[in-house]
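Working notes, structure below.
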Amino acid sequence: MPSPATLSVDLGALARNFHALQALTGAPVHPVVKADGYGLGAPACATRLMAEGARTFFVARAAEGQALRAALGAEPTIYVLDGCHEGAAAELKAADLRPVLNQPRQIDAWRQAGGGACGLQIDTGMNRLGFRPEDAPETFDGVSLVMSHLACADEPAQPMNRRQRDLFAAAAQRYPGAIRSFANSGGCFLGPDFAFDAVRPGICLYGGGPEGRTDDRIAPVATLWAEVLQVREVPAGESVGYSRGFRADAPVRVATVAAGYADGLLRSYSPRGAAWVAGQTRPLLGRVSMDVCAVDVTGLDVAVGDRVELFGPNRRLDDAAAAAGTIAYELLTSITPRVPRAYVD
Ligand SMILES: *Cc1c(COP(=O)(O)O)cnc(C)c1O
């Protein structure tokens, strides 16, 4: 059944971003496909990235790893950033998942279950997950990857980036033979000495810029479009939507569009949101409601069934996120299951 709102995913653009990041860093890209591939669909995205040469993937949760293993088959290496929760070792092993261990109790849980290939996370300043460098364990059988995560990779001038990098380089020396992975998307753009043995980008694969704004080096991947359900002429003095969120000083033509917050079109798009319609960027009017939003199409030739782009190649993801007061990551991962994902190339 056709749907009036669709998230269209350009797998060719995903592939181009993958190769662009490899060319830029000179390091293999180990894609991060957590949160269902940032909302775009992990099975389809990872399958395409595998076809482009990716052999190692990162997810956040064990369950995401299980689903990815089912989709990709036995070949690729899959790391679980959460690590190994109490009692989870057997499940991880059954799906051949490698936990990224982040504290002593996880090491114990993993080794008591027989151990095997795993990663280690060193916390170089984010204070989120991982061993402080001074507490980093002696190496042990199975450590195949050592990693750390940047707190401010989207701010190239932030001095913390290099401090973290140097702490990581020193700590990683304790794990000879382990793959060293440090850079997320932003980190890929910080220079060659941030790349180490493998990079770990997410958002830039999916079309977000490394500094939270549109960047020509990254191709747009996801397009959220929705159909016009009705077009109406609103006379001066009337209002549009809940709470009279928009009041017409002059007559306006309004398109009611099939995307609302139940689709992931954040309510915080009001009042700065915009959409691309009939070749122009036009403001959203009033409140976003559950199933629809209103777009100003005054003077435009717009009819029922026409498509409006909420973000995509013409209304860029980072700009849409900024208008909603958030970041591209949250915009993408907020798109709900009601919106079918359609894959194009
Ligand atoms: C999410 C995540 C990444 C990917 O980050 P991006 O900014 O999307 O490139 C890399 N490493 C870790 C530990 C993460 O949690």
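FYI, residue positions are counted from 1 along the chain as it appears here.
Just so you know, glycine gets a Cβ as well, placed from its N, Cα and C.
Per TrEMBL, the feature N6-(pyridoxal phosphate)lysine maps to Lys34. What TrEMBL lists as active site, proton acceptor is Lys34, Tyr242. As annotated by TrEMBL, substrate binding site applies to Arg128, Met290. Here TrEMBL flags 221-344 as domain 'Alanine racemase C-terminal'.
Structure with TrEMBL features highlighted.
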residue	record	Cβ contacts under 8 Å, 6 or more apart
Lys34	N6-(pyridoxal phosphate)lysine	Ala42, Phe58, Val59, Ala60, Arg61, Glu64, Leu81, Gly202
Arg128	substrate binding site	His149
Tyr242	active site, proton acceptor	Gly286, Arg287, Ser289
Met290	substrate binding site	Gly260, Tyr261, Ala262
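Residue counts for the domain 'Alanine racemase C-terminal' (221-344) under DSSP, helix first, then strand, then coil, are 22 helix, 45 strand, 57 coil.
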